[in-house]
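Following this message is one structure expressed as structure tokens.
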Amino acid sequence: MGETENHHHPPPPQAAAPPAAPPNLALSRGPTWTPAEQLHQLQYCIHSNPSWRQFLFPFCWLCDQNPTCFTAQALLLAFQHYIVNLGTTVLIASNIVPLMGGTHGDKARVIQVLLFMSGINTLLQTLIGSRLPTVMGASIAYTLPLFSIINDYNDEDFASPHDYENHSRINDSFFLSQHHPWVWPGMGGADKRFLLILLSRFFSPIVVVPVVCLVGLGLFARGFPLLGNCVEIGLPMLILLMICQQYLKRIHSRAHLILERFALLLCIGIVWAFAAILTVSGAYNNVKPATKQSCRTDRSFLMSSAPWIKIPYPFQWGTPIFRASHVFGMLGAALVSSAESTGTFFAAARLSGATAPPAHVLSRSIGLQGIGMLLEGLFGSLVGTTASVENVGLLGLTHIGSRRVVQISTAFMIFFSIFGKFGAFFASIPLPIFAAIYCILLGIVAASGITFIQFANSNSMRNIYVLGVSLFLGLSIPQYFVTSRTFDGHGPVRTNAVWFNDILNTIFSSPATVAIIVGTLLDNTLEANHVEDRGIPWWKPFQHSKGDVRTEEFYSYPLRINEYLPSRFL
């Protein structure tokens, strides 16, 4: 049969359709989070203040709807800040006073002075300084130049090598002589002339992340290494605090309120009582002396040696003895203290619901630290003060960032520094209990530093490089300087100029200071024109007093003081 005209030819082949785009897995796995300049999970932020007028009913705190309850809660929260600050104070006094030839009575007096100056400086900072809810506590940065002072004067100038009062007179002179470079630049436009605040103009979120992280992580020696000196009371404290504060609070709404805010005090009481039971039962009768010192509740000898009432006064150790060569070592420690305070202020702003502190706020806070150093020298403080990292972690633990709570805590510090027996009772808490608390509080501060990366491009290889190098060197370099230090305090830098050694050994023993140096250098020299990746558009408004409308709300002086001060002091 022949072909017909109705025959249909096969259709031409169709071009293959392009492959479908792969699904966006990021969208399919849940929502993405937008950057938040302020934390919104706080129960009290920086200016959510309980009333000062409601002190007549201090025990009605179980009813959260009653306004008088807020004051009782504020008192307990403030007492927690006092307890947290007490741990570092006792640790420094316990390590330094015996090396200076001091007795248990001298240690008790030193703790009283440190607490007294901590209360005064905290009140000044929260009123006219940074205005952030930060406790000013004893700084360990001053211990290295203090070792040099002890070594130089032990056998040279005194009839007795264990004359504690003479050592203290020497230390007073260095605080008196070294406050001047800190005060006047800091209080008069420091963001233009003072080195540390000048560096803050070169900061960015990429610099702030490692600095704040290492402010917390750099104090890891106060955590589990100190806890390990008495595991049988330190480890139960750590586990109990985690369970009570994070898990048991979810059982009931009322338990949530109480345990989230006051689990710290509850756990300290339980574990402290447990340690007392072990002590009286003879559990530590046949152990090493170091274990007895760490575990027993009767080894501080503070209750028996502390005076009932002792008001700190200027030059209580005698007329200061001066040697100019040691001033520079103390200046290095003051620089480290200021650098660490800067990182702590950023963490405190984050955990109290405030925006990042601008340069002029850092300026006046560092200047006020200089005035604090002068007062510490006058009153015979063993070391200078810095912003307490542990107390900033307490803001995040309790979700209470109120400035007024910290101001109330200064009343406890001053009260217990004057009435020594009462203060010695709480100062007798074994240090491993404090170490367990610090394991959590310091971790919270370090994590708050990580949150600043949200304002920069976390996918930039350039940023990853700067962050990685700053974090690693910030941990590695200080670890080298600390492990290379001899028993008498000599670091790896050893030249004929002791003051030069003290400056370098002190600076490079501080993780936060090393992170500031490395991070600022890399961030401002390595592809610095990538301002969007660095987070500069977000950062820039906070560098000026009028750059953000919230700056006035968070950082202005109280009682309209700013209306009567020259603009250079604001």
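Yeah, the Cβs are placed from backbone N, Cα and C, and that goes for glycine too.
Whatever TrEMBL says is automated annotation, not expert-curated.
Grabbed the feature section from TrEMBL, which reads as follows:
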- 11-22: compositional bias 'Pro residues' (COMPBIAS)
- 1-28: region 'Disordered' (REGION)
- 194-220: transmembrane segment (TRANSMEM)
- 226-243: transmembrane segment (TRANSMEM)
- 263-284: transmembrane segment (TRANSMEM)
- 405-427: transmembrane segment (TRANSMEM)
- 433-452: transmembrane segment (TRANSMEM)
- 464-483: transmembrane segment (TRANSMEM)
- 503-522: transmembrane segment (TRANSMEM)
With contact taken as 3 or more Cβ pairs under 8 angstroms (pairs 6 or more apart in sequence), are the transmembrane segment (263-284) and the transmembrane segment (226-243) in contact?
yes
Among 405-427, 433-452, 503-522, which stretch has the most Cβ pairs under 8 Å to the transmembrane segment (226-243)?
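By Cβ pairs under 8 Å, 433-452 leads among 405-427, 433-452, 503-522.
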Could you pull out which residues elsewhere in the chain have a CB under 8 Å from any CB of the transmembrane segment (405-427), counting only those six or more residues past its ends?
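Answer is 44, 50, 74-75, 77-79, 81-83, 85-86, 89-90, 108-109, 111-113, 115-116, 118-120, 122-123, 126-127, 133-135, 300, 302-303, 305-312, 391.
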